[in-house]
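Trainee: Take a look at this one; I'll ask things after.
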């Protein structure tokens, strides 16, 4: 079976991650003690591929294939005392006592480096338990110290050890207006530098965009992190539903990557989810494939603060869940591309992939998850990069990092590495089909002369 190993790090990662496990347990009929509680009728579907995310332990308990890490015990304690706290294998909670203090260098070089071997041992143990490991999914934020510093350290170590497995990350970027710490731009830039090199697919999330969705679409006046994490977990569950349930058009992490990544460094995706409705208005909304399609391509639905209308889609993927006709899904997708052709690059024809999974999320008739590779994601990088430069020019707060043994050179390097994807996205946003052809002709001429 194609297993996925889930790793969550830092406060943000652990909070998103534990919410995700609540959703997954719910979808597979697993109760907080790890026992299966579904009916006989559901059991075929729920249990057929439950081992993608769960290990079956003695006595028929299902244990998540999850590794939880943090540099301070606080978040772990609250997960343990939470509703699904007893479901995780106790050995898989690896934590330090010191904390990273929002300092990337502590997470990556000093505190995190001391704890990393313990985490890797657990990861190896879990990986050996797998039949045919498909890949890893990592939940972390890029603004803090542990999720960003230690998270990227773990990603690079896992990359070294399992070079041929997919590495999918759910990365929460610092948002433009909501800032928790002053040094977010530093931490994020140093992390992006790592993600460009070592991750295969990055789902970019952002608190501000999530707040906007809660506020505007869900009509929540005071959204809590719980509400935001609920949105994220719905999306996470949607991205992997094809692996966990039978469907007419299934995809896995690798198929997703092959269809979404035209060039290796351009692997930062925007995600969206539909239907998003406020709690009171569900009964007034009919769920049809056109409705879902319209909502999921809507710029307001994107979970990161970049506007897809400011760029063009290189590729996109739509995952539908529920009983629906594949033909209708395909027609809708073609329809979207024809109507909005200016928002798609013309040098990748048919660049929207769709997949259909027969089992909808709990409580919905149908739903869809959107993953898009849009050049407008460079807005995110640009914004962080500007904030980084403003502080780095004055060498503000730098002593916290150099004190942990970092070098100023690393900052300069990270800054230019952050600007690489920006330039690359811009280049392909401006490229037209004709540029490419001229280029090919020139290349062909060169070859004739060389031979």
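Every residue gets a Cβ built from N, Cα and C, even glycine.
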Trainee: Since Swiss-Prot lists 72, 141, 145, 146, 147, 207, 229 for GTP, which candidate among 11, 294, 295 does it give for that site as well?
Mentor: 11
Trainee: With DSSP assignments reduced to helix, strand and coil, which class does residue 147 (GTP binding site) get?
Mentor: helix
Trainee: If you measure every Cα to Cα distance among 11, 72, 141, 145, 146, 147, 207, 229, the residues said to bind GTP, what is the biggest one in Å?
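Mentor: Greatest Cα separation within the listed binding residues comes to 23 Å.
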Trainee: Once near-sequence residues are set aside, which residues in the chain of residue 207 (GTP binding site), 6 or more away, have Cβ atoms under 8 Å from its Cβ?
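Mentor: Same-chain residues close to residue 207 (GTP binding site) (Cβ under 8 Å, separated by 6 or more) are 172, 175, 178, 228.
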Trainee: Counting Cβ neighbours within 10 Å across all chains shown, tell me which of the binding-site residues 145, 147 comes out on top.
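Mentor: By the 10 Å Cβ neighbour count, 147 comes out on top.
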